[in-house]
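Trainee: A single structure is presented below for examination.
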Amino acid sequence: MNMEIKELVDKGEMLPLMEEFYTIQGEGFYKGTAAYFIRIGGCDVGCHWCDVKESWNADLHPPTETSKIVENAKKNSDTIVVTGGEPLTWDMTILTSKLKESGLKTHIETSGAYKLTGIWDWICLSPKKMKLPTDEVCKNADELKIIVYNKDDLRFAEEQAAKVNEDCILYLQPEWSKRDKVVPLIVDYVMQNPKWKVSLQTHKYLNIP
Ligand SMILES: C[S@@+](CC[C@H](N)C(=O)[O-])C[C@H]1O[C@@H](n2cnc3c(N)ncnc32)[C@H](O)[C@@H]1O
Ligand SMILES: Nc1nc2[nH]cc(C(=O)O)c2c(=O)[nH]1
Ligand code: SF4
Ligand SMILES: [Mg+2]
């Protein structure tokens, strides 16, 4: 990447765009709602079970003008989900300001590991043990979505729930490859601890992106 482009990416005027697609939000509170997804490349959190490892290396995804991303998005939906990769790797200020200027709702899927930037109507925080979320993201999260790969993730879930605000909605979501094993654990746990809800990756059952 040449220096000028790197500077534009650092400012958030360009972003490494992996893919964009119109689909149904599969997970969490907005599950079932049509939304346009913008997937930004770049993540160094390193979840071994990540279902989008192709997103990790930002250099593989073309730096794309943020204004073009927004022009495209607004043709498709009034709800925009920004995901990745880890979107907070980058400065989200320009992207979200432009989305808001266009009257769109801005949602983010984030691990919360980096500085919170951008104007968000909805923050889905999915914290990871390897790189814990910042206090600022915890305080501003609208939903907390813990991925359950094994039993220890239930302990981790309570630890993270203690850090979010009291009206944050709490979800346990099975890690996809372990779903047969962990769904019974989650079901039991939610019945015993009804402040939690179950979230499934419903798009994978529907065979949609
Ligand atoms: C691919 S991540 C991108 C956004 C951000 N890096 C994050 O982790 O929140 C989008 C969502 O998918 C979840 N996820 C990733 N791999 C998963 C898997 N194998 N099973 C269940 N959920 C998964 C993440 O926890 C996150 O909530
Ligand atoms: N349909 C659909 N819903 C999703 N919710 C969060 C996703 C993500 O990868 O961030 C995702 C995704 O990749 N597809
Ligand atoms: S933080 Fe998100 S994108 Fe990064 S490795 Fe973990 S699940 Fe994948
Ligand atoms: Mg996904």
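Placed from the backbone N, Cα and C atoms, the Cβ positions cover glycine too.
Automatic, uncurated: that is what TrEMBL annotation is.
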Trainee: Which of these, ARG39, ARG179, does TrEMBL say binds substrate at the same site as ILE24, GLN25, GLY26, THR83, PRO209?
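Mentor: Of ARG39, ARG179, ARG39 joins ILE24, GLN25, GLY26, THR83, PRO209 in the substrate site that TrEMBL records.
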Trainee: Among GLY12, GLY85, which is the one TrEMBL gives for the S-adenosyl-L-methionine site where TRP49, CYS50, ASP51, SER126, PRO127, LYS128 also bind?
Mentor: GLY85
Trainee: Enumerate in sequence order the binding-site residues GLN25, GLY26, ARG39, CYS43, THR83 whose Cβ-atom distance to ligand 2 is under 6 angstroms.
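Mentor: The ones that qualify, in sequence order, are GLN25, GLY26, THR83.
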Trainee: Identify which of the following binding-site residues, namely GLY26, ASP51, THR83, SER126, place a Cβ less than 6 Å away from any atom of ligand 1, and list them by sequence position.
Mentor: ASP51, THR83, SER126
Trainee: For ligand 3, which among the binding-site residues GLN25, ARG39, CYS47, TRP49, SER126 have a CB under 6 Å from it?
Mentor: CYS47
Trainee: Taking every protein chain shown into account, which of the binding-site residues GLY85, PRO209 has the largest tally of Cβ atoms within 10 Å of its Cβ?
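Mentor: Output for this query is GLY85.
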Trainee: Since the record lists GLY26, PRO127 as binding-site residues, which of them has the fewest other Cβ atoms within 10 Å of its Cβ?
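Mentor: It is GLY26 that, of the binding-site residues GLY26, PRO127, has the fewest other Cβ atoms within 10 Å.
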